[in-house]
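Peer 1: The following feature annotations were taken from TrEMBL:
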- Ser235: active site, nucleophile (ACT_SITE)
- His300: active site (ACT_SITE)
- 1-28: domain 'EF-hand' (DOMAIN)
- 123-146: transmembrane segment (TRANSMEM)
- 207-225: transmembrane segment (TRANSMEM)
- 231-250: transmembrane segment (TRANSMEM)
- 262-284: transmembrane segment (TRANSMEM)
- 296-315: transmembrane segment (TRANSMEM)
- 327-353: transmembrane segment (TRANSMEM)
Amino acid sequence: LLSQFDPDNTGYISTEKFRSLLQRHGSELDPHKLEVLLALADSNSEGRICYQDFVNLMSNKRSNSFRQAILQGNRRLCSKALLEETGLSLSQRLIRHVAYETLPREIDRKWYYDSYTCCPPPWFMITITIVAFFLYNGVVLDRFVLQVSHPLYLKNALLYHPQLRAQAWRYLTYIFMHAGIEHLGLNVVLQLLVGVPLEMVHGAVRISFVYVAGVVAGSLAVSVADMRAPVVGSSGGVYALVSAHLANIVMNWSGMKCQFKLLRMAVALICMSFEFGRAVWLRFHPSAYPPCPHPSFMAHLGGVMVGITLGVIILRNYEQRLQDQTLWWIFLSIYVIFVLFAIFWNIFAYSLLDLKLPPPP
């Protein structure tokens, strides 16, 4: 039927023709499907509808959000754009803002806005920030940060040190330590401002996977590319989240309706560049405890690589099963291969290269 409105066989029809088609045949459709189709027409900023979108929607194959919106009769999508709604409470405005900040399609925003209950809350990002950064450093270590010039900088069981690489927990626990208040501050700000909204939309499982994958990739990248240096800070996980979010915005630029998105991207990039530049400068600055150098900056790059590969796939497919995505399996396989390569590198390369490592702390 749609081919009558697409004589050139482009695979698209205009939203005006699509609406007239719905008005003519809407009585034959399930009312919930009709509402989703109308929302699909409203959300399209290019003024045209893809025939494959229509087919996928009618066959319930597009995503869980479409499927649930169609099958659950007690859940009704709003009939107008979220930005046009008025009289909302503070919490409703926050949820609407999060939807426009993270999701590129109006129909996904509407379903998220209608279904989000804040149960469970974004517990992962808040917990990892409070417990890891403040409670542990402030209460257990009796200090909020460890300066690289402090006598106890290397004398703890958390940071990654090349001489202690056999202690596997250090590849994760190094995120609990930070080299300076500015290091801690920038990571906390980026983690809360970006990580909490992303977890509200995509859930703790997906966001924690991206975060932990960035953390592990960061320490392994240091062990491969900067073999003599220790590493501290949560930059691997933070950069994985932020780079995935920024890449998602760039890839879906026309669909992202958040206000000041260019300014927000600029601020995030400036903060990341400042912190990365500081890490590079510190790495090559004369160490206070030679021959052990200052912390490596390679963890930042490991986190970015995870963000623009695994992270982008996770954030792009809102409520869609990742196991159905071919690209997801490709990037996951690449990540697993890198992890295995880094493990064997840590086992054999250090002795084969006969490196002179700094003494253990």
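A Cβ is built for glycine as well, from the same backbone N, Cα and C atoms used for every other residue.
Buried or exposed, and what's around them? Tell me for each listed feature.
Peer 2: Using a 10 Å Cβ-Cβ cutoff, Ser235 (active site, nucleophile) registers 32 neighbours.
Around His300 (active site), a 10 Å sphere centred on its CB holds 26 further CB atoms from the protein chains shown.
Beyond the ends of the transmembrane segment (207-225), by six or more residues, the same chain brings 124-125, 128, 160, 162, 165, 170-172, 174-175, 195, 198-199, 231, 234-241, 244, 296, 298-303, 305-307, 310-311, 314, 335, 338-339, 341-343, 345-346, 349 to within a C-beta distance below 8 angstroms of the stretch.
Below 8 angstroms of C-beta separation, residues 162, 165, 213, 216-217, 220-221, 223-224, 227, 306, 309-310, 313-314, 317 of the same chain, each at least six residues beyond the ends of the transmembrane segment (327-353), sit close to that stretch.
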Peer 1: Could you tell me what the rest of the chain brings near the transmembrane segment (296-315), counting residues at least six beyond its ends with Cβ under 8 Å?
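Peer 2: Contacts of the transmembrane segment (296-315) (Cβ under 8 Å, skipping residues fewer than 6 from its ends): 102, 198, 202, 206, 209-210, 213-215, 217-222, 225-226, 229-231, 233, 235-245, 247-248, 251, 275-276, 279-280, 282-283, 322, 325, 327-328, 331-332, 334-335.
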Peer 1: Take the C-alpha atoms of Ser235 (active site, nucleophile) and His300 (active site) and report the distance between them in angstrom, rounded.
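Peer 2: Cα-Cα distance, Ser235 (active site, nucleophile) to His300 (active site): 6 Å.
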